[in-house]
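Data block below; observations after.
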Amino acid sequence: MILVFDVGNTNIVLGVFSGSRLVANWRLSTDRYRTSDEYGIMLRELFAFSGLEMKQIKAVVVSTVVPPLTFTLERLCQKYFNLTPLVVGPGIKTGLSIKIDNPREVGADRIVNAVAGYEQYGGPLVIVDFGTATTFCAVSARGEYLGGAIAPGISISTEALFARAAKLPRVEVVKPLSVIGRNTVASMQAGIFYGFVGQVDEIVKRMKKELGENTRVIATGGLAGLIAQESATIEQVDPFLTLKGLRLIYERNAQR
């Protein structure tokens, strides 16, 4: 079995694979001040809850956009699994040709998504990942990572609204019954939800003009399912796309 870590700015998503099958997945809050022992204790509890044993893990793969946590997770893996993790970064074999100005600056999570997306759906392809930031990644028919767009995530946008508008309350992000809100909460929910759907669809439509109208559009991330309900461009939601990509990257590097 292999253990994979997808470390984002808000959450750490973990998965355990037996071959190509995802047998367990968990979500923890990202905290760069937690120690390797604190994460280790959490993992012990999660493994036990899922009926798994930590000694079953034969390899670990890490993708992180929070550099301070890299060392913490390396220590975690060495102490609790007696393994050195494969950390996604420069020099790691992905199978993709990275066609951007500076390949070293692209986020590991975006490359991992592109690996899984192209393997599973082919290209041309647009992958929309709803995280702390909303990322749009373009992959060509030949499996080239072409770049993309980065926009503020829905949580960042709503937090900014609450922080700067003293009279506006915090609201839950849901699909409203109508775009015409009849009170402050409903009006905010309509603006947040449909504004975000419109942003996603407009960026995707412009990408498809450049990539070709036969471009597939896949979404992943925490709010993918909610936004896809109303989106005119998202064709499929794959909640575990990043975890699948980490497994694929492990397999491609294990064959070296």
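Cβ coordinates are placed from backbone N, Cα and C, and glycine is handled just like the others.
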>> Using only what Swiss-Prot says about ATP binding by Asp6, Val7, Gly8, Asn9, Thr10, Asn11, Ile12, Val13, identify which of Thr132, Thr134, Thr135, Thr158 is listed for that site too.
In response: Thr132
>> At 10 angstroms around each C-beta, which of the binding-site residues Thr10, Thr132, Thr184 has the fewest other C-beta atoms nearby?
In response: Thr184
> When you put Ala108 (substrate binding site) at the centre and draw a 10 Å sphere around its Cα, which of the binding-site residues Asp6, Ile12, Thr132 have their Cα inside it?
Replying inline: Asp6
> Taking the residues the record says bind substrate (Gly107, Ala108, Asp109, Arg110, Thr184), how far apart in Å are the two Cα atoms that sit farthest from each other?
Replying inline: 39
>> Are there any residues at least 6 positions away along the chain from Gly8 (ATP binding site) with a Cβ closer than 8 Å to its Cβ? List them or say none.
In response: Thr30, Val65, Val66, Asp109, Gly131, Thr132
> Whole-number Å distance between the CA of Arg110 (substrate binding site) and the CA of Asp6 (ATP binding site)?
Replying inline: 11
>> Check the DSSP secondary structure of Ile12 (ATP binding site), expressed as helix, strand or coil.
In response: strand
